[in-house]
Structure formats: structure tokens, C-alpha cells
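Single-structure report; data block below.
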Amino acid sequence: MLAALQLGAGNALASGTVTLMGAVSLIFTVPVGILIDRVGDRRAMTLGTVAAVVVTALTVFALAAPLAQPLALTLYIVLLLLRAPVEDIWRLARQAVVAEHMPPAHLGKAMTALGGTMRVGNLLGPLISAALLVWLPLWSVYVFSCLCAVLAVVILNIPALNRGFDDAAARSSRAGTEEPVPEIGAATGAAEPEGPAEAAADLAERAEPAPPSPRPSLRTLAVDWHAVWLAGIGILVLAVARVLQPLMVQLWGASIGLHESGISLLVAVGAAIELVLMFPGGYLKDRLGRVAVLTACLAVFGAGFVLMGAVPTVAGLVAAVVVMAVGNGLGAGVNMTIGADLSPAVGRARFLGVWAVFTNAGQLGGPALVSALLSIASLPAALICAGAVTLGGAVWTAATGRRTGLPGPRR
């Protein structure tokens, strides 16, 4: 956003670029899942990271080179949009690896830990960038990002650190091709070969590997699509609530006269509470079940929106931020966990690309929902409306939970 403004973009164009990034991510989510399923996790992430290095280096060129302003701005926006599918590759490939190698009893904690690494990165990145910008120009932030991407490529190709990754496109052909070769003379129901020549021919026939199974299409994946739609609606509502949270806090804080530093402090406090509650939330997902945690997350989140709109004071805003942070922290990683629960053993990354559409659609539609609400109603009414939608998502999740077949409470 700041780089676009520095290159001469107006506020509308800068914010519109962020919206376009969400749209590009939504469009490429399913193709990215298919790519990961074809080439494997490690190769997809390596290709994506190399692409990120190239895109980021060109971004530095757009910001630092003496280009004409319209050309520099156009190049920057195009490069920014190209980053969206790269981020999709990283997110989906990591989720596929964790889903494939973690047992269901610990999947909630594992996905929460994965989500936690993303949140820590989202916290450390701006802090390091702020320190760089004290002494260096804006393009230095992208140089730092480029160096991080190079480091990621190196780490990805250290075998000892990536034993869980697929090096070949074997995920989709794994099922049905790893049958043990029975010994000659075993009780197979067929007559034993009589002579050495027949025995050798029989052994060669049995030892010959079966041709790899064709990769399943989205329609032929072993997935309960009815359960996917039922669970996906709750995840869509959660994505809307999450993207609205910082936006509403900033708008409401400004409307009640809170200073910018106070608003930033509130956002930081909320993020800290979420980080603290992430790991108890992971335990609860495995202990109480996915439906119970998602329902509670949406209910508490929705209550925070309603509280913010109903109590137009600084104290009310502080209380609302704390309430929403509790709900969001307990539900950290729940979307990835449910996606892993519903995913098939064969074609997992392909399915996760479809599953991510619910989250991406919510992130794209949330700001549009706020704009529509604010065009016809006041900010407090928009807050109450957002709370009602989120609470409705909680009711939906509780009502349809049994039909999704998601893991429930365990002793």
C-alpha cells in the first residue's frame, strides 16, 4: 500500500490493488492445488519461492530504478498481483504436508501450530520492516523479503529438515500401486508353475509394477461434497469476520475519537491475546471436536462485534477487542483442520485448493460487505449487522455439525 502511494497511486487505486490481490488469489487457488498435486509439495514450494525471488527483485527495480512514474506504478501493481498465487502455493503445500503426516487425534494441534507460524511471521515482518525504514528507503523492505525467500529455498532443499515432503508427483498415484509382490508358492488360489521357465515367467509377471493410477479429477475425488458445503459456509463466515475485525476496530476507534497510536496499541493487544490462546485452542479442537470449537469461535466473535456497536465508548471498544481476540485465538487453525479432516488421501492438495476458496471468498467479500452496509446505514448498525452474520454462522455450524461427519469429542 505505502509503495503504491509513493509511486503516485491515489487512495482508491492503492486499496483497489489490495482487493485485486484477493481476487487473483481466489482465481488461482484451485489451479495451485492441482499444480501441487502434480509436482509434489517440495517442488511446488521451490518453484513458487524462486518465482517470489524474481517477482520481489523486479519490485525492487520498480521502486529504485529511475523509471517514469506511470511505468513504475504499472509494473509494481502487476508484480504485486503475481505474488498472490505464490502465497497460495506456500499455504496449500504446507497444509497438505501436515494433513498427510499427522494422525487425526493430533491434527488440531498441528494445524494450530502451522497457523501460529504464519501469525508470528505476520507480526515479525512489519516490526523488522519498521526498523529498516528508520534508516533505509522503502525498497529495502523488499530486499529483505527477497533474502528471506532465498533462505526458504535453501531450507526446502535440506533433506534432513524436509523428510515429510513429497519429492515426486507420487501422491495421486500412491493408492493402489504399492501392493506387495506375493512369493511363488504362496497360497494365492492359483496353480504353482511346474518348471523353471514357467516359474521365471510367473515371477516377472508378478514383479512387474502396475501402471500408475490416473490422477483423479475434482469430480472423482473421494470427498463428501455435501459435508464440504455445510462446513464451508461456517468457514466462509469466519473468514468474513476475521477480515472485518481490524477494519472495524480502526473505523470505530477513529469515530469515537481514539488516537491513531491507541488504535494501533489495541490491534497489537488483540494479536497478542490470539497468540497466547492459539495452543489451548489447538488442544480443544482435538479434545472437544471441530464443530464445538468453530461454533464457540463464531459465537464469541459475533458477540464482540455486537458489543462494539452497542457500547460507543473507549471501554466498550477495549472490551470488544478482547472478546474478539479470545474467539479468534481459540479458533486459530480451525479452517485448515477441518479442510484436512474432509480431504481425501489421494488428491489431497487438489481438494485443499477447492477448500481454500471458502476462505478466499470471505476475505474478498468482507470489505465489500462493509462498503455496502456503510452506504445504507451508520457504522454502529454495520457493526451490529456484522455481529448478526457471525452469530448466524455459529447457529449454522451447530445445526449442521452432525451431518458433516467431522471428528467430535474424545475422552
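Placement of Cβ uses the backbone N, Cα and C atoms for every residue, glycine included.
Features as listed in TrEMBL:
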- 187-202: compositional bias 'Low complexity' (COMPBIAS)
- 1-163: domain 'Major facilitator superfamily (MFS) profile' (DOMAIN)
- 220-411: domain 'Major facilitator superfamily (MFS) profile' (DOMAIN)
- 187-215: region 'Disordered' (REGION)
- 12-35: transmembrane segment (TRANSMEM)
- 47-65: transmembrane segment (TRANSMEM)
- 141-161: transmembrane segment (TRANSMEM)
- 221-241: transmembrane segment (TRANSMEM)
- 261-279: transmembrane segment (TRANSMEM)
- 291-311: transmembrane segment (TRANSMEM)
- 317-340: transmembrane segment (TRANSMEM)
- 352-374: transmembrane segment (TRANSMEM)
- 380-401: transmembrane segment (TRANSMEM)
*Which sequence positions outside the transmembrane segment (47-65), separated from its termini by at least 6 residues, show Cβ-Cβ distances below 8 Å to it?*
3, 6-7, 39, 72, 75-76, 79-80, 82-83, 85-86, 89-90, 93, 137-139, 142-143, 145-146, 149-150, 152-153, 156
_Can the transmembrane segment (352-374) be said to touch the transmembrane segment (141-161) if we require at least 3 CB pairs below 8 Å and skip pairs under 6 apart in sequence?_
no
_I need to check the long-range neighbours of the transmembrane segment (12-35): which residues 6 or more away from its ends have a CB within less than 8 Å of a CB in the stretch?_
1, 4-5, 44, 77, 80-81, 83-85, 87-89, 92, 218, 349-354, 356-357, 360-361, 363-364, 367
